[in-house]
Amino acid sequence: MKTLYTAAQMRQMDREAMAAPYGLSPTVLMENAGAAVIAKGAAYVGGWNRKRVTILCGKGNNGGDGLVAARHALAAGAQVYVYIWGDETTYSPESREHLQTLRAMADGKTCVLAETPGALPDLAMLRRHIESSQVVVDALVGTGFHGALREPTATVVRLVGKCIRTTASPVVLAVDMPSGVDADTGAVSGDDPETGAITATATITFGAYKRGLFQYPGKICAGEVLRDPIGMPFPVLQRTAGTVTYMVEAADVAARLSLRSPNGHKGMHGTVGIVGGSESMSGAALLAACGAVRSGAGKVCLRVPAKVAPACMGKYTEVMAAGAGTGGHFTEADVQTVCEEARNWSVLALGPGLGRYAETQAFVRQVLQRAALPVVLDADGLYHVQAAQDIFQQRAYPVILTPHLGEFSRLTGCSVAAIQADSVGTVQAFARSRGVYVLLKGTPTYIVSPTGQTVYVNETGNAGMSCGGMGDVLTGIVAAMWVRETHPAPAEAAFMAAYLHGAAGDRCVRTIGSYGYTPEELAKAVPQAIRELERQAADRYREMVPSSHFEDQGGGE
Ligand SMILES: NC(=O)C1=CN([C@@H]2O[C@H](COP(=O)(O)OP(=O)(O)OC[C@H]3O[C@@H](n4cnc5c(N)ncnc54)[C@H](O)[C@@H]3O)[C@@H](O)[C@H]2O)[C@@H](O)CC1
Ligand SMILES: Nc1ncnc2c1ncn2[C@@H]1O[C@H](COP(=O)(O)OP(=O)(O)O)[C@@H](O)[C@H]1O
Ligand SMILES: [K+]
C-alpha cells in the first residue's frame, strides 16, 4: 500500500530527519529535492540538453527547490529562465544559500534570472519565455499552501494555464505539489482547476506521498506522481503516528485473495443474504445478488417483498430467491420471517431497492436491532436509519455502511461541499461516533473503521461507473468478501471489494468501452479482475524465485 500523509505529518518528518540522531541539514534536503526534479523529470522532457526551461520560484522552500533545480538543469545542458519575485530577507537560510549560488551562475544567456523583489514579474516577458520553452518547472508553492492563492502567484498561475491551453504545450513539472492544490484535501484554489492551480504533466513529490495528490481535483492537476525519498532516513518515512492513510494497490488485494482451499465446500465461502427490493425497484436487490455470486460467495439467498418475487425468480438460477410477506414493500410484519432466515446466513446485505415507504422504516430498524449477524447497510436502508443512528451501538455484530456522498450528507447533516473539503476527517469522526465501518463511495472511495486511525483509499474505477445500479453490485461484493474462508476484518473486506469493483469497471472499459456498460456486465467482470490479480501475484512469485527452481520441479527433459 502507498502511505499518504498530510502536510503537517510531512513537516514533522522533515523535522525528525533534521533532528538528532540523523541531523540532516536542510540545505542538503533542498539540494536533493531540486536534483530529484531534474533526474526524475528527464524522462518526460526527453533529456535536458539544449532544452529551454522556465522555472517559477515562490518565496518559500518550494521556491528554494526550484533554484536548485535550475542549477541541475543547467548542468544537464539546458537554458533556464528563472523567475523570482520574493523578498530575499524573508527566505529560509537554505533558499538564500542556493539563490547566491544561482546568482553567481547567471550570465543572461544560458541562465537568465528575472528578479522583481516584492513586485509582479514582467508578464509579457514571462509569456514569451513560457511560449518558447519546452519545459516549465512549477516551484511556486508546495505543502505550505492552503486556501486561495494570493497575488502575484495567482496571476502567474492563471498565465501559465492560459499559455498551456492556448499556444505552447510545454511539459510542466510540479515540484512536490502542483501549486494551488491543498496537500491535505486535493482542493484547488478558487475551486477551478483550470485557473486556480497549475496542471502538471508530472509531479515529483518529496519524502512521502501527500494525500491531496490523489484526491480530486488535485489529482487532475498532479498528472503522473513520482516520489523521491530525497535521502530522508527510512525509519522517518515509515512513521505511523496519527491518522495513516493507505492507498490500496493490486498487491494488497491479491495477497488477501489467496486461492480457495482445494478441498473446500460451499459452506466455507459464506452464505450471503440479500434483503431489498420493492415494487418500483426489484433490480437493485438482484444486482446485489449478482455482485455476491460473481465474487465467489458460497451461497446467495435473496429475499424480496412477495409481489416482487415473480420478477426475481430465475433471473440468476444460482440465487435462492423467495418472497416475504404479501405486499410490494417490506413492513414490520416481515421482521420475524427475515430474522429467522438470517440465522442461516453469514452476512446480511440490507437496503438495495427497499424504497422509502413509511412502513419500511420500522422493518429496517427492527431487523437491525434483532438480526444476529454482520450487516452491510446500503441505499434506502441508510435512509431509514437517519433519525435512529444509535441503533448501531446497540448491536453486538458489526455493520458496514456503504453510502455515496448524498447519502453520507444526509446521515451526517454536513453538506456535500463540507464533506469534500475534509473527506477523511468527516468519515473518521462519523465512524467513531456511531461505532460503524464506513465505505464512502466516490472518487476516491474511503474506508474507515470505528476505532482505527487507519483510512484506506481506493482509486480503481472510472466515470463509466457513474450510472444507477453500480453501488448495488458493490454491496453484494462487500458482503461476499466479508464472509470469505479467510475471515477478513471488515475494513479489509470493504477495501478488497472497493478495489475489485473498480477493477472490474476498468476491465469493462477495455472490453466494452468507456461508458454504457451495465452494472450486470461489471459484476460479470469481477472474476476476470480476480484472475488478473492472481496472475500478477504469480508473476511476482516467479520473479522472486529463480527459474532453476521451476526447471527442477518439471523433472527435466
Ligand atoms: N525540510 C523541508 O522542510 C523540505 C522542504 N522542501 C520543500 O519545501 C516545501 C514546503 O516549504 P514551505 O513550508 O516554505 O512552504 P511553501 O514553499 O510550499 O509555501 C510557503 C510559501 O508560499 C507562500 N504562500 C502560502 N500560501 C499562499 C497562498 N495562499 N498564496 C500565495 N502564496 C502563498 C508563503 O507566503 C510562503 O512564502 C515543500 O513543498 C518542498 O517543496 C524540500 O526542500 C525538501 C525539504
Ligand atoms: N467517475 C467515477 N470513477 C470511479 N468510480 C465511480 C465513478 N462514478 C461512480 N463510481 C463508483 O460507482 C458506484 C456508484 O454507486 P452508487 O452511487 O451508490 O450507485 P447506485 O446507488 O445507483 O447503485 C460507487 O462505488 C462509485 O465509487
Ligand atoms: K509547486
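Along the chain as shown, the residues are counted starting at 1.
Here the Cβ of each residue, glycine as well, is placed from N, Cα and C on the backbone.
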For the AMP site, TrEMBL lists K441, G442, T443, P444, T445; sort out which one of G413, G469, G471 goes with them. G471
TrEMBL records N62, D138 as K(+)-binding residues. Which of S25, S179, S189 is assigned to the same site? S179
Judged by the number of other CB atoms within 10 angstroms, which among G64, G442, P444 is the least packed of the binding-site residues? G442
Which residue, of the binding-site residues D138, D176, has its CB surrounded by the fewest other CB atoms within 10 A? D176
Binding-site residues compared (N61, N62, T143, S179, T443) - the one with the fewest other Cβ atoms within 10 Å: T443
I need the CA-to-CA distance for K441 (AMP binding site) versus S179 (K(+) binding site), whole Å please. 28
Rounded Cα distance in angstrom between N61 ((6S)-NADPHX binding site) and D138 (K(+) binding site) is 13
